[in-house]
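In TrEMBL this protein carries:
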type	residues	note
DOMAIN	128-369	domain 'ABC transmembrane type-2'
TRANSMEM	20-40	transmembrane segment
TRANSMEM	177-200	transmembrane segment
TRANSMEM	221-244	transmembrane segment
TRANSMEM	256-278	transmembrane segment
TRANSMEM	290-308	transmembrane segment
TRANSMEM	348-366	transmembrane segment
Amino acid sequence: MRRLLALTWKEFMQLKRDRLTLRMIILVPLMQTLVFGYAINYDVKHLKTVVLDESRSYDSRELVARLTASQYFDVVGRVDSLRELQTALDSATASVGLVIDRDYGANRHRGKPAEAFIVVNASDTTTATQAMSIANGVATQLSIQTLARRAGWRETALPVDLRLRPWYNPDLRTATFVIPGLLAIILTFTLIQFTAGAIVRERELGTLEQLQVTPVTRTQLILGKLVPFIVIGYVQLTVTVLLMRFLFDIPIMGSVLLLYAVGFLFIAAVLGLGMLLSTIAQTQRQAQQLSMMFLLPFVFLSGYVFPIDGMPLVFQMLSRVIPARYFIEVVRGIVLRGAGLDELWEPVSWLAFYTFAIIGLAVFRFRKTAN
């Protein structure tokens, strides 16, 4: 036990002398949380819109007012021809164009289809999808009101009253979805690089071989290397949780103790992966490149950005071997839904399985390369 404590203390002393790593422990979760929390926003509002109103009627003005009131469209100009509208879109002066047919107002009162169409710059699919969805919603609302007025219905007499009740994120804030999953990305990004880089650096300097001729056992050597990084992982986890709770005002609905307990499994899995990479890489540069190569699948196949159910079957199967997928499920379940272990036992079980598998493989490879 004394040897393990001495080795662990040596690792902490090395970290203390590495000022850049010490800064990164705090700065990486701080910067990534701020950037991802504020910069990523799937709820696109205030789209620059130009209007070609050929009707110039009360009804056409009502349509423009309804679209503007949704806060998704900001009218930045009016044009007199389709050519001018196209020029505005081509020059990026606007990303949306609204064209209202000449007979829009008259047809609406005659009971004929009142035509208007939205032109969207679909090079940005997120913006285009939201713009079309909101415009369709406004058009549907106007159509229902027109039909109700003709039939002499009151609003309460509409045959279907479908009301949306979003649970767990009632304000539909992007940060509420992004920040909890960011815990997995931050820990993966930093701990893999820290672990792989530190072990490879010691091998390059020859200090790893010096430790192997001391009375320290292989198991004590591995634990002594990993314990400081486990502490670093919990520091980063705590920093991100505090930012999530007090800066972005995202309450933790479930058990913080369960979050930290499952966090240990994920931290161990990531450290095991970093140790595994250190047995492959010969230089620190190679270790960094391998770390970045593993980071991309962790981000894109973990369900952090894109829903796993929407992926092709092959990539859905690949995502099953990525520990970040299960940790993100657990974190979102605890933070947003207040789920307990009885509801989260399946992702926790898979995470535990992959943690032990990765650690076992990493220890085997580490001992083999050490010998």
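Backbone N, Cα and C define each Cβ position, glycine as well.
Taking pairs at least six residues apart, the transmembrane segment (256-278) and the transmembrane segment (348-366) share three or more Cβ pairs below 8 Å and count as touching.
Residues 174-175, 178-179, 182, 185-186, 189-190, 194, 232, 235-236, 239-240, 243-244, 247-248 of the same chain sit 6 or more residues outside the transmembrane segment (20-40) yet have a Cβ under 8 Å from a Cβ within it.
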